[in-house]
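Below is one structure, written out as structure tokens, with a few remarks after it.
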Amino acid sequence: MKKNLFQGVAILPIAFALAITTGCATTEQSQPQVQTATTAESAVVSTPVAEKKVKKNLPTVAILATGGTIAGTGAEGKSTNYKPGQLNVEALAQAAKLQDVAKVHGEQICNINSDDITSEIWLQIANCINKLAKDPAISGFVITHGTDTLDETAYFLNLALKTDKPVVVTGSMRPATAISADGPLNLHQSVALASNPAAKGKGVMAVISDRIYGARDVRKISTFNVNAFSSGDYGSMGYVIDDNVLFYSQPVKKHTVNTEFNVSNLKTLPKVAVLYFNVDTDGSVIDYYAQKGYKGIVIAGAGSGEYSVSWKEAIARHPEMIVVRSTRVGTGYVAASDDYDIANVLRCDDLQPQKAAVLLRLALTKTSKKAEIQKIFDKY
């Protein structure tokens, strides 16, 4: 007899808990041209989702699904060589057993590998949440996402959203068909956090394997381990255990309602590249991105954001380009240096290179003045 590969995540008849029409679904034009779920699986868009026998008086959480491993399927029991973005938001919510935690409303933003996430999709998610957040019936938000670029999406939303309601980004390291898949628990805990009043005003968070991480500092540190995330030197903000939310720290940098960024009228973000410095790579890589019209470059430099004379000479050839020093080292602060400061090269504080690129892209929507952009990096 053929086994059911979707046991535990099957799409079943459900009791609708809340009817909201939001129009947040991705249009065909803004979706990357990648393989996504089947027609039947991708049919859930702006759909109320809930388990049977939902308890009364539960908070309402909106789940915005984007695909990733958490929505992936493959050979039964295997955790590699799978296809991400195969299950829709309804199936994810059913597998997470949310009937005692919250009423759930689902939005299928897209259903893709997170390597195909674009700034256009970021903007769509931000505008969707900013719109839904005005509804007093919604207590919080969860975005399901591939783990490869989860940290970048979380940080963008941390800077772009204009709500103090809890927003949680989550994913999984194993597809839904793997033995001991981690997606359902991560989603369950994320909904528990997003529906908890204690999470209000703490910016965008990520929940992976019981731990709560702040969006600014979260980063992926393993290609396969379910404990794949860390906050570097700063540790997690807290834990979610048996639906109980425990906080031990909170963000100190500005976020969400306290940022200066307004993305409501943006269609895309300025182009910024991250360049990884290594021995013998000459400065022609700088020339390449300048010629391609990139507005800025973040250099993942050696040590405290250092790079060769060849790269310095190339940067001097393009004074119009905004260049930010970051580091390829896992943790640490990029210190001021006369050698680089005189050349008008900016520094990123302690942001990882990909996070520095996110902030630079948003900063460029406000100004192209290097001194002003440095102030933005000092602030965030």
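Glycine residues also receive a Cβ, built from the backbone N, Cα and C atoms like all the rest.
Cross-referencing Ser114, Ser190, Ser195 against the substrate binding annotation in TrEMBL, which names Thr147, Asp148, picks out Ser114. Farthest C-alpha pair in the substrate-binding residues Ser114, Thr147, Asp148: 7 Å apart. Its Cβ taken as reference, Ser114 (substrate binding site) is surrounded by 22 other Cβ atoms within 10 Å in the chains shown. In the structure shown, the C-beta of Thr69 has more C-beta neighbours within 10 angstroms than that of any other entry among the recorded positions Thr69, Thr147, Asp148. Separation of the C-alpha atoms of Thr69 (active site, O-isoaspartyl threonine intermediate) and Ser114 (substrate binding site): 9 Å, rounded to the nearest whole number.
Spacing of Ser114 (substrate binding site) relative to Thr147 (active site) is 7 Å (Cα to Cα, whole number). The residues of the domain 'Asparaginase/glutaminase C-terminal' (271-377), classed with DSSP into helix (H, G, I), strand (E, B) and coil, number 39 helix, 21 strand, 47 coil.
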